[in-house]
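A.B. asks: In case it helps, TrEMBL gives these features for our protein:
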- B:324-336: compositional bias 'Acidic residues' (COMPBIAS)
- B:150-278: domain 'TFIID subunit TAF5 NTD2' (DOMAIN)
- B:1-50: region 'Disordered' (REGION)
- B:80-106: region 'Disordered' (REGION)
- B:324-373: region 'Disordered' (REGION)
- B:407-448: repeat 'WD' (REPEAT)
- B:480-515: repeat 'WD' (REPEAT)
- B:522-553: repeat 'WD' (REPEAT)
- B:564-605: repeat 'WD' (REPEAT)
- B:606-639: repeat 'WD' (REPEAT)
- B:648-680: repeat 'WD' (REPEAT)
Amino acid sequence: MTEREERRFAEVPRESIKLMAESTGVELSEEVAALLAEDVCYRLREATQNSSQFMRHAKRRKLSVEDFNRALRWSNTETVCGYGAQDALPFRPLKEGELFFVEDREINLVELALATNIPKGCAETMVRGRAGTGSIMPTAVQSLSEDLLKYYQQITRAILGEDPHLMKVALLDLQSNSKIAALLPYFVYVISGVKSVSHDLDQLNRLLHMVKSLVQNPYLYLGSYVRSLVSSVMYCILEPLAASINPLNDHWTLRDYAALLLSHIFWTHGDLVSGLYHQILLSLQKVLSDPVRPLCSHYGAVVGLHALGWKAVERVLYPHLPAYWANLQAVLDDYSVSNAQVKADGHKVYGAILVAVERLLKMKALSLTLAAGGGSAGLPGTTTGAVGFRENSPGLSPPPEPLSEPPLGIASHLQAGGAGCQWEEWTPVSLPAMYCELYSFFGDSLAVRFSTDPPLGGAPSSRSCQPLEGRKEPASGAPNLENTRKMPQLTASMNISPRQDGSPRMEPQPPSLAATVPGRSLARSSSSSSSVSRSRSSSSRPGRSTSQSRDIFPKARFPLPQAGPPAFSFIIGGRQMGRRCQGRRFQTSFTPTPPLNTLPPRAYAHKLPVIGRVSKPVRRWTCSHYSLHLPL
Amino acid sequence: MAAVQDGPMELDTEKETKPEILSDGTSKLSGNTASGTLSSSPLTAGGAPKQEDQQTLIAVLQFLRRNKLSESVEILRREAGLEDQEDSQTLDGSGGGKGDRDGGEANSLLSRVSITSAAAPQSTLTPITVKRANEQLDVSVVLSAYSQQGDPSLYQVYYSGLKNFIESVLDCHRAELSQLFYPLFVHMYLELVYNNHENEAKAFFEKFGGDQECYYQDDLRVLCGLTKKEHLKGNEVLLDFRTSRFVLRISRDSYQLLKRHLQERHNNQIWNIIQEHLYIDIFDGMPRSKSQIDSMSGSFAGEARREVNKVKVFHGLLKEPEIEVPLDDEEDEAENEEGKPKKKKTKKDSMGSKSKKQDPNAPQQNRIPLPELKDSDKLDKIMYMKESTKRIRLGPENLPSICFYSFLNAYQGLTAVDFTDDSSLLAGGFADSTVRIWSVTPKKLRKVKSAGELNLIDKESDDVLERIMDEKTASESKILCGHSGPVYSVSFSPDRNYLLSSSEDGTVRLWSLQTFTCLVGYKGHNYPVWDTHFSPFGYYFVSGGHDRVARLWATDHYQPLRIFAGHLADVTCTRFHPNSNYVATGSTDRTIRLWDVLNGNCVRIFTGHKGPVHSLAFSPNGKFLASGSTDGRVLLWDIGHGLMIGELKGHTDTIYALKFSRDGEILASGSMDNTVRLWDSTKAFDDVETDDFTAATGHIHLPDNSQELLLGTYHSKSTPVTHLHFTRRNLLLAAGGYSSQ
């Protein structure tokens, strides 16, 4: 009697009712069917409404068949059996007619009963408590959501998979996705898998790319995971990968890329890796000084050092070079066929070293130029290596980045982080001396490149006749300049030239001890600052040394200039007290290349810093620094 | 007036007597059983007149006879002799009845004083057990009120006439009079349906259904599916609507306005409905604003009558009887920092000086008989003291740490959780009818040895308590099987010796945590028991279920001591007041009621929720009550004044867990929306109290400051929060079942 127009709920059509009645052999009139249909609908709704309370009390959001059955049972109606499964029942349409049905497959009970793969019981219900304080709780409680898990799977699959295009997309997303913080540990874990794929350059490469993407993602805070990433990268740089056995594999590029990545991490995440710097230098050095290691590892160490900046090269590679050179030379000189491959590798290493030291020289020169250039006196000449720029900082941690490179964030952190850990014996070498020594190894191949650097060439000649004044001015000026350009700590480590005035601005930095060498006719001595730059944390040191320098400088200043061919005298100050008495003195005039034989007999092997002896050198320094300035 | 009276009086009286009789009968029975434990309780004078009792009795007898329950007839006859003296344990009805009469007198305009007073108990007392057993009789009686009818085609005219009128009155009255729309609408619709005017009913619904307040949507949905007289019979929701009188609070001015209008128009149809099915609670003073009205409305039967909430409630805390230590007095606790043995002494001293007895709101110590403390209880109290000296003082700047217990692999469906007070045990109720207990501490759960083995034990030894435990049974968790339906709630006894569980199978079971066996099955609800809760002093417990009543039990009685009847729908949650003298129940009818354990009276009715109430929590000082419902709101109530004092909005789904921190500074709420939220309850309570307290009218204007009060929101991962618990040191424990979907 009523048409169902405005109803807001599903209805059982009267046709269905009639059909069902017919199936049981009852003929229904239209009117009865309509009434019945309406009643059935009502009863269904009622049962559904009643069943919802069971859902609510079971604290669920989803109404289950069970709930509905309970409602039926409580209203004394037969329950509906066979639909208790947790999963949704597939509801299928039949194409031919407008018929929908629930799929109901037959189950072979015999087969099921005799099946041998007995399903394991589901895991036992258990309670796990996770605590979080205040705002931490949300993350503490979280495990991965479904979506994130999916994302993770997709990304790793794409990156490690075959399709280069997919990989690119995945990497790009990894680099820019802001919501993957929760996945970071998982990715880091994946990346740490480098060790298991050392035979597969391709995979290694992909993993490194993954590192790069993660590092570049501005939304990710790497936190302590950066260590894991760095160790993975270091693995690629240093390890004699299984892939390197085959000379056809271009593992060199991989190492280069890893080194690049390493430097990138240090540049962009300096705050996180500060503590790592020394460790890494150490491990690089260890590899380098271990002749048993294959050349490809050495190559890795060299490019790694190169990547860490010229200071790293200066402090690790350069001192070690003489010792290493002998080995390398041996390899390169062996023309036997069996050695061909090794020799080729040796050339690689040779090239890498060359590149590294060239940059070292350039940067060092440049730093001096800059330092001197800023000087009020504008002594052009002082700039040259002659300044005898020393970086003599035990505690002064890592060499900061090259001057030319702008981002300067690292040094400070490194400084801070590495405060406690001092390098033991390390004496800076003046630029000319360095150049000489390097020249002795590389010969013209070095000189050629170096000579392109103008300041060096011109420098010696332009050396002024009032070197000491000159020296002094730039000395005070240079730090200023540096200050403006770099972070203060950095300057500290630069520590160019004597800073007799102990400029207050420089306070934090280790004072430099200026030693003058009022030589004989030879004019000024450049004294280099042997700064004790131990970490500023080291107590009395700075004050003392500054005062020292103040005392000393006047002396140094006056015995002045006699014009003569410009020449430098260097004193190896500071840390090498043991040898100080021997007056490790270089006298070199720049215009003519110093003859090789002037090279000091260096005990290269002993120069390697020994890590971990933190306080000792300082103490030694304390008692010996007066003698540092002995006039030569 | 005459026009008002022309309803069929005989029908009215007939309908009213029977249901009341039946319910009174049940209460009598419960009263008898209760006398065992609560014999010391003073019997309150019942409100029901003697004559009514007689009628009641006769009707019950008739009913029993008709159902061939001859034995019961006998018993009842015997009882009847005593009955006049033992006019005890009237349920809500007596209070309600009295209140009704007062209301009637105050409202001389509604001149049917005698009828209202008779009708009222019926309205509030319809235990479903009776109703169901006897549906035919009951329903026809109730619905017969609709047999009077006007011209069905005019209903729309009537309604829209009133609508036009209300929309044209002054703003201040409009909000108040708008309250009439919903009850009138429903009654008129049902009247049409009842009289078989299906099409008119549909048209009527179509036209005006959309006008109703959004919080009535759920009911309207049920309503619109109902178009046949036959359907009315089985529908409980609508039965409720019929049997209860919808309560409206309207200021005198607004009411006069309405009355004048209806009389001018001779709109008898509407006037009749107002007379018969509505109860208009008239107050003097300013008409309420729309927001004030909205905050209080939403329940099945309108607001609570003001009279209902006037009874004095002793919400203060009991003094700790045995060890002379006030339980919740932190100052005292702070005072003594010495070790355990000295503690007691200093306590006693301090007790002498400042006595907690002066709390005017505390009930008499022996108002209800409480079990004596055992030695182990005293030890536990001392432990409690010790712990609470280390308690962290919480506040807006000092939020609690939260530890979340996730139930993993709970394929059986976690339905309920409870922690012991000392947070050492955790119980979970599951939909597969099991209860599981976990030890949260490293201490494993052990059973007591069997009787034979116990005989061999040296009973004199010092460590006899240790010796009786069977080391072989040590495990981290135990499973308790016994129910035959989903377990909907679990509750530990304060002494940790027992566990209660209530289930869909209609029983409450008491389990021993010494033997991990079921001790008692309490049968009485006959329908799913949604919630059960132990008294804070043990021994008593309360349960509430689908049969719309809450029952008070004692563990050593297999029948309930009290039956709290009055809710119009399922009792979904039950909580004991900290002083054990009161019980709060929340219901699907969207009200919260507070019941006096002593005499079974309903002493508070709180309305304002817009959905079934699923969680309740008393503040530790006993003054306040928090309630959470499916609408995602937490409401705060002042028990003493019977007022709503706060509304906490933030959750987006049903709130299943509420808990105050041990000192009451923080309220934690846990919800289906997978969050735990922390609220500044101190501020919530203070903000209101500093206002000029409109306690007299009860028309409080709620500040909308949920955002300020919300101190934190903590998300879990797909884990609805089922339970919250503050440890004695104020660490917040939350629990829920991880759901992978």
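In case you wondered, yes, glycine gets a Cβ from its N, Cα and C as well.
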A.B. asks: Residues sitting near the repeat 'WD' (B:606-639): Cβ under 8 Å, six or more positions beyond its termini, same chain?
C.D. replies: 215, 218, 295-299, 302-304, 313, 315-317, 328, 361, 569-570, 572-579, 584-588, 590-594, 645-664, 667, 669, 671, 673, 679, 681, 684-685, 688
A.B. asks: Going along the chain, which residues at least six beyond the ends of the repeat 'WD' (B:522-553) come within the CB cut-off of under 8 Å?
C.D. replies: 30, 34, 126-129, 370-371, 485, 488-495, 498, 500-510, 559-565, 567-576, 578-580, 583, 585, 587, 595, 597, 600
A.B. asks: For the domain 'TFIID subunit TAF5 NTD2' (B:150-278), DSSP counts of helix, strand and coil?
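C.D. replies: Its residues fall into 102 helix, 7 strand, 20 coil.
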A.B. asks: Can you check how the pLDDT averages out over the repeat 'WD' (B:522-553)?
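C.D. replies: That region's mean pLDDT is 93.
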A.B. asks: For the repeat 'WD' (B:606-639), what does DSSP give as the number of helix, strand and coil residues?
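C.D. replies: Across the repeat 'WD' (B:606-639), DSSP assigns the residues as follows: 0 helix, 20 strand, 14 coil.
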A.B. asks: Summarise the repeat 'WD' (B:522-553) by DSSP state, stating how many residues are helix, strand and coil.
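C.D. replies: Summed over the repeat 'WD' (B:522-553), the classes give 0 helix, 19 strand, 13 coil.
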A.B. asks: Tally the residues of the repeat 'WD' (B:407-448) by DSSP class, grouping H, G and I as helix, E and B as strand, and everything else as coil.
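C.D. replies: Reading the DSSP string over the repeat 'WD' (B:407-448) gives 0 helix, 24 strand, 18 coil.
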